[in-house]
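**Student:** Input: one structure, supplied below.
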Amino acid sequence: MLFSACADTNDQSLGPNVLGCRGDFDFTVKFEQLCFSLTPAAIFILASPWRVAHLVRKPTIVGAPLLRLAKLGVLVSYASLELSQLILITVLPFGASGIDIISSALRLAAALCMVGLSYFDHSKSPRPSIFLSAYLFFTLLFDIAQARTYWLASSTRPEIAFTAIFTAALAMKIAMLLLEAQRKTKWVAWDSKDHSPEETSGIYTLGVFSWLNKLFFDGYHKTLGIRDLYPLDQNLAATHLSERFSRHINEAKRKGHEIGLMEALAKTLYVPMILPIPAKLAAIGSFFCQPLFISSLTSRLSQSEPVPANIGYGFIGASICIYSVIAISQSLYWYFQQRLLYMMRACLATAIYTKTTEARAADEDENASLTLMSIDIERIMKGSLYMHELWGNVIEVALSAWLLYNLLGVAFIAPIVVVCICVGGVSFFMRFMGDSQRNWMAGIQKRVGLTSSVIGNMKNIKISGLTSPISRFVEKLRVDELQAGSNFRLLMLTCSVFAYIPLLLSPPITFGVARRSLDATKLFTSLSYLLLMSTPLQNLLETLPQMAAAVACLGRIQKFLQGEGRDDYRIFLAGSRRDPEKPSLDQLDKSPAVAIKDGSFGWKPDKMVLNNLDVEIPRGSLTIVVGPIASGKSSLCKALLGEMPHSQGTVTIATKFSCVGYCDQTPFLSNGSIRDNIIGYSPFDAQRYAEVVDGTMLGIDFETLPEADRTNIGSNGITLSGGQKQRVSLARCLYLQSDLLIMDDVFSGLDADTEDQVFQRVFGANGILKRRQATVVLCTHSVRHIPSATHVIALSTDGTVVEQGTFGDLVANQSYIHSLGVKAPSTSQADSEKIESDDSAIEPQINLIERAPTETPEVGVNDKSRLSGDSAAYIVYMKSMGTMLPIAIFTSGLLYGFFYNFPTIWLTYWSADAVATNPSHSFGYYAAIYAVLEVCAMLSLIWLGVLLYITVLTRSGVSLHHAALRTLIHAPLRFFTTTDQGIITNLFSQDLSLIDNELPSALLNVIYMVFVGIGQAAVIASSSPYLAISYPFLFGMLYVVQKFYLRTSRQLRLLDLEAKSPLYTHFLDTSKGIVTLRAFGFVSEDRAKNAFLLDTSQRPAYLLAMIQQWLHFVLNVVVAIIAVMLTSLAVRLRSNSGFTGASLVTLMSFGEMLSGVVIYYTALETSLGAISRLKAFDKAAKTETKDGEDIVPPEEWPPRGEIILNNVSASYEYELPLFLSIRLTTNELSSNDTQPETPTLALKNLRLRIRPGEKIAICGRTGSGKSSLISLLLKLLDPIDETLDCVNIDNTPLSRIDRVTLRQRIIAIPQDIVFLPDGSTFQENLDPSNVSTAADAQAVLEAVDLWDFVRDKGGLEAGMTVSNLSQGQRQLFSLGRAVLRRRIRARSLGLGGGGSEGGILLLDEVSSSVDRETEKAMQEVIRVEFREYTVVAVSHRLDIIMDYDRVVVMEKGEIVEEGNPARLVEEPGTRFGELWSVGGN
């Protein structure tokens, strides 16, 4: 035995309390040796080699030799003292036991390990050693307790000597702790990147979150922007994590494991997953000290004699230690856990994006990755937050059950039975949660996908008059989504009820079963054990559904990641791909640039689109591919790019460069400047840039654009005309350093003059591509350029090659090419074109306008409402609920607060009556009322949950979405040209997700915790009225903390939401343009951009999580202060043991309630930020409807179709410029309210009278104002105020007509066709308004020659996939939609199916992507179906214009000529005549 003073006591037992010695207020020596010395030292010794091995591989980045020398000196001294203790134990007559010697030896070994660990950690790590500091901190507390024991137990000289050396070692450990805590920031050899102060923070700085102080001060005093935030810790960076994660996920994919994604995460993040465990164990230990402390204190207070001073100070010291350790261990646990979550987010988001770049081009849902990256990852993070609670709660339940058994005997089985029933109930309902969540996520995915499509195509939707049916479709998806979500939330609510049963019903059931004398000590100790059992069970049962949801979302992501990716089947000859620096020139020169042998390609394995192709494309040639619509021209382009999912035969590519220039039929443009879109990720070359701008004739357009080539083109290039989009896409293709270019119908939106000039400058004999000796594959409907081709390929409708060869040979074959009637240009014409080409080659005709780009301020930075919040958001949310629901919610919260807290007071009366000589009431009386109170608490909680999670959520969700969608639909076109698509998409995804999920949860928890907290404060004060005196000061401090915290928290939450918008936009852009990105070889750069955007979005989100943990820590410190005050008052004033027990038991959860009130109030405030953003959206996107638009014409309007424009002018700039920035947050959303002094006019002084039934064609070069004229007639573009009433239709001022009604009455077909989401039926797409019969739809499809196609796909009710339709078929489908509208209108007006008295048809390049035969068929349909309509058609096909009554030629927004097209062609010097001749007619 080490000490002999207490030889006759239980000092050599495990105790843990010593009896008969040291005032019975100490641990036994054996317990201290085992738990305070031996166990920590053994753990440290086992873990140290692993840490040292990890550090040895890292580079040396810290100097500071003096600090390192000081550390080593102290450690050597400490090791010497430990050695001295071991010698004393073994040499002197202590009578030491084996555990004493082992404990001392392990302490010495641990000291030696500390020397090596400190040396390497000092040099290799930028932060103080977390592992060593944690060991020093906790063992220091243990050593202080042991030192006290040793001094009290020492009675002989050897014992005193041993204790003195132990105390000296303790002093050395304190010195070492202080030295090891020193930050090494000024000695770290950083790289060039900025670093966060977190990266140099030690465990103490991390534990109290002092590294966040600067952020809090900044957030309190100013409005934060992204630039004000700390840089992201490099260990959380996407590039740092993704490389390791991709290796593990690829390995899991090869093995085909069902939980491969979870395995990959575990292998990648195993160290971050382990780090929370020690802190969690420390927290569990400190939790279980609370009931022991309550038992000891109430036992002392129930005795008649006063509490001795030293024991009273011991109780106070114990309360300080217990609650301080709880605060620090909890903060460290959640710190490491939050870091883990954001590492998981980085891994998953990067993997999803990478898979998006590898996905097949034919994948139907391009928005799937966006939903997975946003909604699914958020739910995974929410569920994974509690992963360590799973095993931690099991330990807590087991320990509390064992302690309860020691106190109450077999009665401990009662709560276990309750727990088993609840676990069974939760397990039963969890079986349905996976499918329920998948249905809900699928509903969100459908709605967000459609909304994103609507945002990107709003102009065409408005032109088509489809705003109302599409709004109804989106709202139906929203209702379906909320219904699916309600089913899931109902399951969650049911599981939550089961989770609260142990907390509320276990105590009355347990006490009822015990039926023994229960004094205050037993009653409140038992209650504390039950609380320790039921609280983790409640957490466990509540979090199990969230964990199940996280697993389901991981399954969805794994399915996506394991989906079949693109398989590039092409064969690249040496030099073209593998070694671009050293091409095999001889081999390349002898082989064709592209060769297809026995090639068959298809989008589905059972149906090939292209069949039996044998094609060779000569090097340096211009190969033109022609054929009727749906012959496979676009599919051939995809086949050459390796993008067809199913292929047979071989495709061989032999080029010098690894990248391929590609122009898609639908131009892919990102939201940025024209220059950025042209250059992409290529290095800037001014000469090359000027060359391609001149070749595509964009210089002329730059002169009319407000910022020239730095003009922002908006999402999908919405600010550009169709021809401008095509030419920007062509310029990007030409700018790329490539010798193989594949172009799909790049002339579809160009007028004849521009088309001819672009062709000569780019493809002509001395054009850009000829000079570069590039190989060009050009698929086109513009057959007049075929004579210029080196090689021609003609495809048939069955996907085979009809003929191929030179133009002359094919004309002589008397086959398809001959049937087109195209003639080779005359010698004089060819010479003229050559001279033109030569001139342009010598002197590029371009004058690049170097204008300084407009500085767009970081909007919102000076928005003071970001500091104080938006109180109006509460009103909006309450209004969305209705009148009675808020009252019902408040009432249910009040009832729950009472019924939750009063049972604790009831136990005080029960315990007092139980020990009374003459009890006032029986056991059953108290037990029954106690049970009724708890059942009432349960019922009020259920009521509150149903109100908020089901009723309120559904009602407000529908209402707020309807308001936001209405704002979106009625927003002016200018709004969509100045606002990034990702920002608006974020409103309908992230913000509505907040309103659906976080907002109801935050509101419920605030109501729940406020009323419970008020009751708990009253219960705590019941032990001593003096404690209540401190409440004003405590609550004042809480108010200051909340105010201080909330300013920063609210801003970080808003920044979190805002920083995700660019990430979402980038995901959408990548999904839409992946074929182009892969062809250009830009995928790696695009992934780097995604990593940057992801890291940027992580910064506010991660810091928000950290400051929430700071708040937890501060409030736990407040609880510690209350505990110390309560203990001090109890032992000094001899408080009632029952009320003291009730106060201490309540205090066990009071900290959580305090934290919860502030945390969830902040969550409520920041979640209401979503509503503020919707309010700001409503304000910024002011409705396009203006005062005075009060005329709703009758159904038959316009009966005649007469249009009069009387000197009208219009400007896009004249509308209020709404520069909606990424900070779409508050009512003070910045917008530029100043009108430009001289707005650029899109239309100038137009004078035009279109007679009823007249057929008018509009032509002119691209950007001349043709589409703007269509927009003017549909009120997408408003006249300037001076000419507001200068447009009339059938004698009705256009300015007075309701816009929605106007677009429904006028039938219009846009250039870009709008379809419902994939999976919608052909019938729904043809008739979104659902007013026709199947027979009507079939008749229309037969009229436009699409019925056979639809029938082959399964008929009208079959699901439709837009990618299965060629561009020409899409335009035919759109024409069919217009024909159906005309027929339904005629029938509703009683005019029969053959025609109507009048109407207006507007056509915007409806035949730009079809061949001549199809175009003639379309014009015949228009002539027959709309013979009595007034037709205004924008067209570049001049031969079709000849059939119109009149042609209007436009230039720079003005009408420069009008007249009969045939007469204008004959007259010399006319503009139309020039266009006619240029067009090769």
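Yeah, the Cβs are placed from backbone N, Cα and C, and that goes for glycine too.
Positions annotated as ATP binding site by Swiss-Prot, on the basis of sequence analysis: 627-634, 1260-1267. What Swiss-Prot records for 281-549 is domain 'ABC transmembrane type-1 1', and it gives sequence analysis as the kind of evidence. Residues annotated as domain 'ABC transporter 1' in Swiss-Prot, with sequence analysis given as evidence: 594-823. Per Swiss-Prot, the feature domain 'ABC transporter 2' maps to 1224-1477; the stated evidence is sequence analysis. As annotated by Swiss-Prot, transmembrane segment applies to 86-106, 130-150, 159-179, 269-289, 308-328, 410-430, 491-511, 887-907, 928-948, 1001-1021, 1026-1046, 1111-1131 (among others), with the evidence given as sequence analysis.
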**Student:** So if I exclude everything within five residues of the ends of the transmembrane segment (887-907), which remaining residues of that chain have a CB under 8 angstroms from its CBs? That is, six or more out.
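**Tutor:** Same-chain contacts beyond the ends: 504, 507, 523-524, 527, 926, 929-930, 933-934, 936-937, 940-941, 943-944, 947-948, 952, 1003, 1007-1008, 1010-1012, 1014-1016, 1018-1019, 1022, 1138, 1142, 1145-1146.
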**Student:** Near the transmembrane segment (159-179), which same-chain residues lie under 8 Å Cβ to Cβ, leaving out any that are not at least 6 residues past its ends?
**Tutor:** 2-5, 67, 70-71, 74-75, 77-78, 81-82, 84-85, 88-89, 92, 94, 114, 133, 136-137, 139-140, 143-144, 146-147, 150-151, 153
**Student:** Please list, in sequence order, the residues in the chain of K633 (ATP binding site) that are at least six apart in sequence and whose C-beta is under 8 Å away from its C-beta.
**Tutor:** V625, V626, G627, D744, D745, C779, L795
**Student:** So if I measure Cβ to Cβ from G1260 (ATP binding site) and keep only same-chain residues at least 6 apart in sequence, which ones fall under 8 Å?
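**Tutor:** D751, K1266, V1449, M1450, E1451, V1456 - these are the non-local Cβ neighbours of G1260 (ATP binding site), listed in sequence order.
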**Student:** Six or more residues out from either end of the transmembrane segment (928-948), which same-chain residues have a Cβ under 8 Å from its Cβ atoms?
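**Tutor:** Tertiary neighbours of the transmembrane segment (928-948) are 493, 496-497, 500-501, 504-505, 507-509, 511-512, 885, 888-889, 892-893, 895-896, 899-900, 902-903, 906-907, 910, 1000, 1003-1004, 1007-1008.
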**Student:** Fewest other CB within 10 angstroms, which one of the binding-site residues G627, S631, K1266?
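**Tutor:** So among G627, S631, K1266, the binding-site residues given, the one with the fewest Cβ atoms within 10 Å is G627.
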**Student:** I'd like the number of other C-beta atoms within 10 A of the C-beta of T1262 (ATP binding site), please.
**Tutor:** 26
**Student:** May I ask for the residues of the chain that lie six or more residues beyond the transmembrane segment (1001-1021) and have a Cβ under 8 Å from a Cβ within it?
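**Tutor:** Same-chain contacts beyond the ends: 889-890, 893-894, 896-898, 900-902, 904-905, 941, 944-945, 948-949, 1027-1028, 1031, 1122, 1126, 1142-1143, 1146-1147, 1149-1150, 1153-1154, 1156-1157, 1160-1161, 1163-1164, 1167.
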**Student:** What residues elsewhere in the chain lie close to the transmembrane segment (86-106), defined as a C-beta under 8 angstroms and at least 6 residues from its ends?
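**Tutor:** Result: 1-2, 4, 12, 30, 33-34, 37-38, 41-42, 45, 158-159, 161-162, 165.
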**Student:** Among all protein chains shown, how many Cβ atoms are found within 10 Å of the Cβ of S1264 (ATP binding site), not counting that one?
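**Tutor:** So the Cβ neighbour count for S1264 (ATP binding site) comes to 24.
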**Student:** Applying a 10 Å Cβ distance cut-off over all chains shown, what neighbour count does I629 (ATP binding site) have?
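**Tutor:** By my count, 23.
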**Student:** Mind looking up the mean pLDDT for the domain 'ABC transporter 1' (594-823) in the predicted model?
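**Tutor:** It averages 87.
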**Student:** Looking only at DSSP and grouping its letters into three states, which state does S631 (ATP binding site) belong to?
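**Tutor:** Once the DSSP labels are grouped into three classes, S631 (ATP binding site) ends up as coil.
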**Student:** If H, G and I count as helix, E and B as strand, and all else as coil, what does DSSP give for T1262 (ATP binding site)?
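**Tutor:** For T1262 (ATP binding site) - judged by DSSP and reduced to three states - the answer is coil.
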